[in-house]
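These notes are about the structure you will find just below.
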């Protein structure tokens, strides 16, 4: 890929790239919609991601091109014009990173050229947007010798998502893209940003990613609505509990104080956030003791909660996960990511991968009308520079 990208870079910009980098996508093993509720998450970086090449310019022009959106062509704007622009589509993610780096005091004193190409399926809920954000920060760090640390880039990436794009997401995606490590997941406390690397050793079992192939736009989904519902539920619980987030409430305490939330929808939203947080801790413990059956059971319970209490699945994700759960050799399956479309994951015996794909494809096509896609990817490193 890099060879063809270098040739394309020369064609587009009539110069050679000075720096190259790769930022991964991610899966979240368990812990969905807990990151903006101050809870735990359990993500891992994957070896699908976004590649980028960059060079400085002698003017103030920023020129961005994506091989994934060739029909859009080169998107150009000035270093002094960093406003959100709907016509700039994907380029708003890197534009936001430039804006917030500059506002943080980092010197980006000229324009630049950037070419990117990703192999994360677009709209698959495998975190392509965070991959682009962190990739952009990493390229600019080298290009302009910025003394910016990984954690600050992660925080700025979230700021891009929240304040520039308009999605009130948590920090999980940017964190795992920036901090991932090969063959390890991260148990992250999103309230404190304390984290632990955990080996992703599943014995004879592997994680299979199943894509609904249904597109969704996160900013236009009910993501922000769920955040508001959780905030409303938290405010009711705070009448008697001294807590800052739903993630700070254990299941027993919640059950004792659930009467404070009279509206059923708000009760269910809070119940998911709190029980899912407990499931993350239980899943971490199960993986440590190599209890893959219990880990799979927790995946199933997570999906049921996301379907019934949080209502972020939909017929496509439900068909994938619930069909996979019935396949022999599958210990558990659930949606991963924000929901509404995107992907599900299954913990499947390595000898049953073909059975999983065949059985899920048949039922999914019969019910939905088109086929899902399957990926088997290794757990990889976070953002890194690569040799040109």
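Using the three backbone atoms N, Cα and C, a Cβ is placed for every residue, glycine included.
It should be emphasised that the depicted structure is a prediction, and the values quoted were computed from it without experimental measurement.
Checking the candidates 197, 205, 223, 259 against Swiss-Prot: the one annotated together with 32, 33, 34, 35 at the substrate site is 223. Put plainly, the recorded positions 35, 161, 173 were compared by Cβ crowding within 10 Å, and the winner is 173. Measuring Cα to Cα from residue 125 (ATP binding site), none of the binding-site residues 33, 34, 35, 161, 223 fall within 10 Å. Annotated pair residue 129 (ATP binding site) and residue 161 (Mg(2+) binding site), C-alpha to C-alpha distance, rounded: 8 Å. Sequence-distant neighbours of residue 26 (site 'Transition state stabilizer') (same chain, 6+ apart, CB under 8 A from its CB) are 43, 44, 45, 46, 126, 127, 130, 173, 176, 177, 180.
Residues 31, 36, 37, 41, 169, 170, 172, 226, 273, 276, 338 surround the recorded substrate site, their Cβ atoms falling within 8 Å of the Cβ centroid of 32, 33, 34, 35, 223, which are themselves excluded.
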